[in-house]
Amino acid sequence: MGARASILRGGKLDAWERIKLKPGGKKHYMMKHLVWASRELERFALDPGLLETSEGCKQIMKQLQPALQTGTKELISLHNTVATLYCVHEKIDVRDTKEALDKIKEEQNKSQQKTQQAEAADKGKVSQNYPIVQNLQGQMVHQPISARTLNAWVKVVEEKAFSPEVIPMFTALSEGATPQDLNTMLNTVGGHQAAMQMLKDTINEEAAEWDRLHPVHAGPVAPGQMREPRGSDIAGTTSTLQEQITWMTNNPPVPVGDIYKRWIILGLNKIVRMYSPVSILDIKQGPKEPFRDYVDRFFKTLRAEQATQDVKNWMTDTLLVQNANPDCKTILRALGPGASLEEMMTACQGVGGPGHKARVLAEAMSKVNNTNIMMQRSNCKGPKRTIKCFNCGKEGHLARNCRAPRKKGCWKCGKEGHQVKDCTERQANFFRENLAFPQGEARKSSSEQNRANSPTRRELQVWGRDNNSLSEAGDDRQGTALNFPQITLWQRPLVNIKVGGQLKEALLDTGADDTVLEEIKLPGNWKPKMIGGIGGFIKVRQYDQILIEICGKKAIGTVLVGPTPVNIIGRNMLTQLGCTLNFPISPIETVPVKLKPGMDGPKVKQWLLTEEKIKALTAICDEMEREGKITKIGPENPYNTPVFAIKKKDSTKWRKLVDFRELNKRTWDFWEVQLGIPHPAGLKKKKSVTVLDVGDAYFSVPLDEGFRKYTAFTIPSINNETPGIRYQYNVLPQGWKGSPSIFQSSTTKILEPFRAQNPEIIIYQYMDDLYVGSDLEIGQHRAKIEELREHLLKWGFTTPDKKHQKEPPFLWMGYELHPDKWTVQPIQLPEKDSWTVNDIQKLVGKLNWASQIYPGIKVRQLCKLLRGAKALTDIVPLTEEAELELAENREILKEPVHGVYYDPSKDLIAEIQKQGQNQWTYQIYQEPFKNLKTGKYAKMRTAHTNDVRQLTEAVQKIALESIIIWGKTPKFRLPIQKETWEAWWTDYWQATWIPEWEFVNTPPLVKLWYQLEKEPIAGAETFYVDGAANREIKMGKAGYVTDRGRQKIVSITETTNQKTELQAIQLALQDSGSEVNIVTDSQYALGIIQAQPDKSESELVNQIIEQLIKKERVYLSWVPAHKGIGGNEQVDKLVSSGIRKVLFLDGINKAQEEHEKYHSNWRAMASEFNLPPIVAKEIVASCDKCQLKGEATHGQVDCSPGIWQLDCTHLEGKIILVAVHVASGYIEAEVIPAETGQETAYFILKLAGRWPVKVIHTDNGSNFISNTVKAACWWAGIQQEFGIPYNPQSQGVVESMNKELKKIIGQVRDQAEHLKTAVQMAVFIHNFKRKGGIGGYSAGERIIDIIATDIQTKELQKQIMKIQNFRVYYRDSRDPIWKGPAKLLWKGEGAVVLQDNSDIKVVPRRKVKIIKDYGKQMAGADCMASRQDED
């Protein structure tokens, strides 16, 4: 204790002992806490001397802080003690531990802010905003986004389909990008238009919000000063690239790129939530799920979380363990908080589920009954063996039970002076009998240090160097290797050896440590030795430095001579010879495969097969079994998949097929390694070319051993003569969904080293087809091809000579390749009198294939023939248009057309032509009349479109195709005037992409047939249109009202809401002049017409298009649905004049009947009968009884839920006692016979029996101050308060309600004979038929809500300590970064209240993640306090 007493002295020690352990506590810090802290520091391998200075304390806290979240109570207590000691050293005045922690946190925040400001100042000095870079002249220059980046982005979207990984990938790829670059990235996404529309909406919202928060300054911009960017400037629509660069590099800068990027990320977050709504909190390990798979899913989702790195680290430390299954969680917690991910995965390997429990049980059993002894003799068929005595050599008993005299010396080594239990020598164990070492340890020989790392092969192969270099053979084998005999293991590897000049036959045994020979005379001295052998121990003579010659190779080492049943060459000699075990069938690593979670393998019965098919399948399977591709299995495998056979095309041979459809449904999904096939137009011209084919491709790759059982199939016997023969696959089966992906992945890994060693060789790989090109001379090229074939053969992949193409033309992937040109393989279109659906499908497929090099191919009319549900064998008559189209295609295909190869030094040019009937054709070339490839486009992505939109879609398709094939986009030549294009594109900048392009005058030119105005047309008539339909009876109405008093309503049958909205617009266009303004509330109709279609699949939309073309000018606008929102009086008139009013007629009658009975206010009727507010107010206004003094206004008084005000009022000479619940305005009232204390007390007790009454507030009337009332209040536990005499405001609520009650009584008095009846009717109307005030509730609904809320509040307050155990991570405002952890103060249905540092915030529930903090049960200094309480 004295050793650390010098940490504090004098005044500092006094200050230390004045500080309390926790706020409001009695205990103070003492000297013993310093001693405890110094000892704890030694436990954590920290120098206790650091406690003597404030700098040392700061270093300790820096070390401890990362572990606080998951640390023990002792660790947190140590941190709190050091923090308090730091404040004492720094002379910071604190009263307790919590205050010390707050002071340190405040100091750290200030330090962090200074660091960030310094970094920001450094960044401001130079432009960090790549791709904006500074050139030699000091100017800021923009480098356009590269084709490689665009290609990577397109692949990400296509492969991931807006899964969470898309956001970090976008963030990484768009680092420092300008808005123009970001738009280029977005617009390369050709598909996913729904997602792009969502993104566009988000950007528009953010741009509008920017404009609202950054209003334009009045007056002109000063000379030399940049204008401030608007929302559309940031989005890149109304700003130039130079303006964007200037804003980004100005002083001070406006980072328009980063702002726009933030908007896009907000939109991408919405899209990701829609496409894959997975939170990190939802990632939990299944009971049988391997820990590795769980970790993969966890980190995949964690990468997509928008949170700081500190938060992600916390999630990894806490959630990864917290959400593991119980088996893994037990192991992980035992590892402790500092375990690395590698340690976790190693510890949890193979853990989980029944299999794990079975292994644990088996392990326990094996320790009890160790039967892991392998016998060498071939007649031993199991672990059972005959026991033999080591003492006398007889069988049937053990040495410890032997009655014979005990042999002298040790039974293990034969030496005297010790027993076997004390023997230190290790046995030879060359027969792998685990007599001395139950765990199976093998003896290490002296030559074991020279052992080579053997590659895994399935045959014994001897490698070596020079025959004469004996020492090098044993010590240094790094030289060039020579091939020696390969010995298969189908039989025992016996070889002839020469030892001591004598020839012997010996067994090469890689499991034996030593070389043991039968009785043979050897030169030199020997020493006795005892080794473990068959049937016990045998005595041998040990000769050192003996020369042995095996297969022409020589080795020197130790040889044991004794009564061995077979000569053994052990590893001490084999390693010197360089002998290795090799596996030529399949050295490829297997890819682990599993079934989908919760699914079992297929159990489909075998179909009936004919005799010839059974014989054919039997022969095929026998051959496959001999080759090791399949293995026979027994009845223990419960799975089955049907198998059948078909004859090969143009052959008498049979082909085996397995119907893996059921297994494919149950197998987990694979990512396709390649998105499509390589295209010859992307090939660079090469001097020498070869095309290879991998033989039996799938059968060269092994299948995961654990998955093989699911591929089981059965070959039945004829007439069920015998049980069916059962097999399972050892290799990738044909027809299984995983085979293509695993094969492609395996082939890529195999080719990787060859590609790295031969960068001058280009290899295009698709499935089993290989294109190999180089600029080498033909001789050198063919030598490299042989190297490649040998490389593939080493891995078990053969390349048959019959498919080895050495001379052009090369047939590859359906193409025909020549040295300087390419084409598709010859296409013959069939001549038929009648065409089936299947024939036309094949015909369209051939024409589509030909269209990539033959320009002008069309298939639209042929495809129309296939519309509708038709059987494949149905006869389809060709229409006149289809026959014409087919004849044109035949003409095109008559002349062979060739494409050229790609030259990287030249630009790509794409030219598009319109063919009519929504069909387009295009050519991509680098030199005129030398096409790289051609194609067509004929899709209608929407039901309503126009030529400009179709042209932009074709441009997108070509650009995407170009990025995939060449990695860059071409320059476009388009048949459209620049003015026409820009007029349409202005409103669709986000949906389409504008590449570099130029006008080409190739008729027919594309044009817009009409254009909508941007602003209302002055002087033109305005039509307010609307439509509505009943879904059940399909009846509807459409109509309009104009600002000039005209109106029209038509009834429509068999219609929908959307059709009536369009019908209303059609009526307005039909009845209007050449110029018209139209206002609609339908986003559907607005979206169709604003896209300016000139053709549609809808007849009604075509009629609207015809009307629009006839008009000179049209303005179309949208307002929210016709409910008076935004003060649109004209739309309200439309509602009340016909269209909407028709829909409310039934409700109006019911509301009027209700009002005549109860005189409900307008809010109650609007809510109950779904009336527009204007209609409900009109009903109240037309009631003479409700217009005496206008409608009473109600307010909310901020009072406790248990407070009531009581008062007596008089009407018709009678006394009415009224009680009002202050918080809700709810009334209880009764006519009482007399204003006495007895009657009042009785009323109070009835009130207390119905509602929770805590306080009653009355005036000083004689009945209220009577002893009877006081006694009733005392008994019921009610506190009574009195108002101020002669001041009616102190009873304001009940006084107001008295007037309201009398007014309602006046409205219903004629409906009741007695006053007491009218009073109860008025109470009912007030409590349940009048809505208003906070929440728009009635008083009855409000009091129930307030009481229920009060109960919930009290229950939640009881759990406040539990709530404080939770931590909250939240997003603030529009910032996508997660903040936290913060302290949870309150959790409601819609929002939570949290405390972050000293700030208390209310955050919507959808923007928070609430997580239990398992690391510490008590916060702050409590841990320290509890620790000290134990002392």
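Each Cβ is built from the backbone N, Cα and C atoms, and glycine gets one as well.
Per Swiss-Prot, these features apply:
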- 106-126: region 'Disordered' (REGION)
- Y130: phosphotyrosine (MOD_RES)
- 387-404: zinc finger (ZN_FING)
- 408-425: zinc finger (ZN_FING)
- 437-461: region 'Disordered' (REGION)
- 504-573: domain 'Peptidase A2' (DOMAIN)
- D509: active site, for protease activity (ACT_SITE)
- 627-817: domain 'Reverse transcriptase' (DOMAIN)
- 1017-1140: domain 'RNase H type-1' (DOMAIN)
- D1026, E1061, D1081, D1132: Mg(2+) 2 binding site (BINDING)
- 1146-1187: zinc finger (ZN_FING)
- 1197-1347: domain 'Integrase catalytic' (DOMAIN)
Give, as a single whole number between 0 and 100, the mean pLDDT over the zinc finger (408-425). 66
Fill in the CA-CA distance, D1081 (Mg(2+) 2 binding site) to D509 (active site, for protease activity), as an integer in Å. 88
Can you tell me how far the Cα of E1061 (Mg(2+) 2 binding site) sits from the Cα of D509 (active site, for protease activity), in Å? 89
What's the number of neighbouring CB atoms sitting within 10 A of the CB on D1081 (Mg(2+) 2 binding site)? 23
Residues in the domain 'Peptidase A2' (504-573) per DSSP class, helix first, strand next, coil last, are 3 helix, 42 strand, 25 coil
In whole Å, how far is D509 (active site, for protease activity) from D1026 (Mg(2+) 2 binding site) when you measure between their Cα atoms? 93
Reduced DSSP state (H/G/I helix, E/B strand, rest coil) at E1061 (Mg(2+) 2 binding site) is helix
For D509, D1026, listed as recorded positions, tell me which one has the smallest number of other Cβ atoms within 10 Å. D509
Around E1061 (Mg(2+) 2 binding site), how many other C-beta atoms are within 10 angstroms of its C-beta? 25
